[in-house]
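J.: Let me begin by handing over the structure; questions about it come next.
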Amino acid sequence: MRRGWKMALSGGLRCCRRVLSWVPVLVIVLVVLWSYYAYVFELCLVTVLSPAEVIYLIFYHAIFVFFTWTYWKSIFTLPQQPNQKFHLSYTDKERYENEERPEVQKQMLVDMAKKLPVYTRTGSGAVRFCDRCHLIKPDRCHHCSVCAMCVLKMDHHCPWVNNCIGFSNYKFFLQFLAYSVLYCLYIATTVFSYFIKYWRGELPGVRSKFHVLFLLFVACMFFVSLVILFGYHCWLVSRNKTTLEAFCTPVFMSGPEKNGFNLGFVKNIQQVFGDNKKFWLIPIGSSPGDGHSFPMRSMNESQNPLLANEEPWEENEDDNRDYPEGSSSLAVETET
């Protein structure tokens, strides 16, 4: 009976958590809907009594479409998980779980990883293994404790899109940041002159005055925070790093190497946006590869499987942990 109550309580808490996880998204949606009303109706149709309102509306809606499109793609593009060949078979899983000697377990993972394109290790030199998903982690793959799964090329878990940002949607997330910055900047620059007129009392209309003044304040506030975040991710892309790799340097056979995936500025950008530049501004999947393996800076590293070295390494308790949320201005969940 007590066990049943515990299960029911646990299920209820999970349900509440899923519902609450949509609150940040709901806040953003409500702010965007209000900004649309304030700009289109209170500013352009009520305050701007000149042909300029047509030009304002055309450019505004063009930016708004891309802004909402990329936000939608960031939210509803599911994180990509490792394919089946990285998962332990039923027999291997039984052998691994029944084995009580850690050194034997470690050797079992080394033997299984030799057949996979895996070239990175944990900080202690062990095979990167997720004991929750029961799989050998591909390079740059991490376990997200919020999504409860391993995510290919995981960057971070973002509460503002209620999704894990990784290989499948990192391009869309970057585009969302870029169009968000452009959206806020456009609103701020076009609203500013009318803000001054309302401030000086040159324009009537108490209701429109409130919307215009508040619209400028919100646009500037979001612009400052978004441009900092967007600048940070531009720096990450230019170095071919994820947020997790910026906080925790990937480990190769020769040791930690913070520039292990750095291919040069242009190639680094192509690793996210693809080779075809006509798709760079459009939220359509164009990232090269399958998310399971990535080109590395050193040809020697890419040609020598790191897991071929069977020399035992000491385990580190920190290798199997969840990083707390908040490693950047967005929540971050990393490997276990």
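Using the three backbone atoms N, Cα and C, a Cβ is placed for every residue, glycine included.
In case it's useful when we look at the structure, here is the feature table from TrEMBL:
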- 311-320: compositional bias 'Acidic residues' (COMPBIAS)
- 326-336: compositional bias 'Polar residues' (COMPBIAS)
- 128-246: domain 'Palmitoyltransferase DHHC' (DOMAIN)
- 292-336: region 'Disordered' (REGION)
- 20-39: transmembrane segment (TRANSMEM)
- 54-72: transmembrane segment (TRANSMEM)
- 176-198: transmembrane segment (TRANSMEM)
- 210-232: transmembrane segment (TRANSMEM)
J.: Within the domain 'Palmitoyltransferase DHHC' (128-246), how many residues are helix, strand or coil going by DSSP?
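T.: Its residues divide into 69 helix, 16 strand, 34 coil.
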J.: Ranking 54-72, 176-198, 210-232 by Cβ pairs under 8 Å to the transmembrane segment (20-39), which is first?
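T.: Comparing 54-72, 176-198, 210-232 against the transmembrane segment (20-39), the winner is 210-232.
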J.: Taking a Cβ cut-off under 8 Å, which residues six or more beyond the ends of the transmembrane segment (54-72) line up next to it in the same chain?
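T.: Answer is 28, 32, 36, 39-40, 43-44, 48, 161, 172, 175-176, 179-180, 182-183, 186-187, 190, 281, 283.
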J.: Roughly where does the domain 'Palmitoyltransferase DHHC' (128-246) sit in mean pLDDT, to the nearest integer?
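T.: Taking every residue of the domain 'Palmitoyltransferase DHHC' (128-246) together, the mean pLDDT is 94.
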